Amino acid sequence: MSQNTGKITQVIGAVVDVEFEPGKLPEIYHALRVTNPAINDSENNLVLEVAQHLGENSVRTIAMDSTDGLKRGQAVLDTGKQICAPVGKKTLGRIINVIGEPVDEMGPIGNDKENPIHREAPPFEDQSTKVEAFTTGIKVVDLLAPYARGGKIGLFGGAGVGKTVLIMELINNIARQHGGFSVFAGVGERTREGNDLWMEMKETGVLEKTALVYGQMNEPPGARARVALTALSIAEHFRDDEGLDVLLFIDNIFRFTQAGSEVSALLGRIPSAVGYQPTLATEMGELQERITSTKNGSITSVQAIYVPADDLTDPAPATAFAHLDATTVLSRQIAELGIYPAVDPLDSTSRILDPQIIGEEHYAIARQVQYILQKYKDLQDIIAILGMDELSEEDKLIVARARKIQRFLSQPFFVAEVFTGSPGKYVELKDTIKGFQEIVSGKHDHLPEQAFYMVGSIEEAVEKAAKLAAV
């Protein structure tokens, strides 16, 4: 079969137009290859993905790497298929890029199978509707916004409130406890963080059960817009072909939208609200609908979602909200109090915070904790203007308990040991429920509030109080 080749007619940044012979246009999403000497010495080293048919036998493509060094008239090869990701157990412990090439300098992947990165979501009849909670070992999450196995979880937060640290702690806790395979997609984040994560995983022994797919901040928008799909293809293989329960971590889903917006502008589409692409909801839907549980296996995804200027109504985070089963909202106000993880206990939600799923006792205590914290929030204006003395005895008690709860929601992390100097804590769900139940019932009203800060279980808080009293 003769190979279908075209030639470059124009290059504008990450967008390359290619002309083919009449009747030989490659399909949308097909991968084309061209040699770019500026990247390295190998042949056909640059992948272009067909995005539009322009008419007059031309296609407009998005480059997956640098286009510096391309010339007009250069020959372009149509591969006749989409970008494909290597799948299977050979990808575990490796770092690959958007086009499935290893970037960890450890030789070829050696996989037997590869899957296209654009696929249909599983049909309704194949999807599973079973709902069960799974424990993360992080108190504030397990108590107030529990995660569902096979669900989609979003970690929302502005710059520097701890999304990546929380996602690294979840990888550490869940991958250790869960013991299954994980896939991590680094979408448009810092290269340094990617390196830190790799080192961290190597040290904790989680690496051999994880496939890492990276497309960092310095990559062209085409790579950042597609790297999440490459990771998803790997996770889908474990779910569909091997019948496993997989964890998919994406850091950061906002960068997927941001890259889509850059690509959209380069393709000449008219922007919609706040300058985002007109296809924002469609692109997000195509990605999110593939992350689901089937009768074969499940994909549980944890996605960090950057919130521009701390505005949750921005179209990018607002579009992601609609797809999620649980949201963990990180708050700058809580981070300023020095309470980490800086999860907002009143803003975070979960679809499975339901007595029929998590049990009556857990549900009742979670609601009591939220009631006390909400009441404290309502009283804060009065305290700020008139002071604590003007409150009734009942309100003073609520404030004291709320401050203890607030501090008890903090917890030392394993991945932050190097910064905090205190060893990380994994708290079992029963211990979390017991601890908050005792605070809410007033059993520890006599203890100082600082005893509850940065501890694991309630027993540790009592122990810390005894130490403070002895000083």
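Every residue, even glycine, has its Cβ placed from backbone N, Cα and C.
If you check Swiss-Prot, you get these features:
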type: BINDING; residues: Gly157, Gly158, Ala159, Gly160, Val161, Gly162, Lys163, Thr164; note: ATP binding site
Spatial neighbours of Gly162 (ATP binding site) that are distant in sequence (at least 6 apart) but have CB under 8 A: Leu330, Ala335, Tyr340, Pro341, Ala342
Least Cβ-crowded entry, counting other Cβ within 10 Å, from the binding-site residues listed as Ala159, Val161: Ala159
Any further residue of that chain within 8 Å (Cβ to the Cβ centroid of Gly157, Gly158, Ala159, Gly160, Val161, Gly162, Lys163, Thr164) of the recorded ATP site: Tyr306, Leu330, Ala335
Ala159 (ATP binding site) in three-state DSSP notation: coil
Sequence-distant neighbours of Gly157 (ATP binding site) in its chain (C-beta under 8 A, six or more apart): Lys163, Ala304, Ile305, Tyr306, Val307, Val329, Leu330, Ser331, Ala342
Least buried by Cβ count (within 10 Å) of the binding-site residues Gly158, Gly160, Lys163, Thr164: Gly160
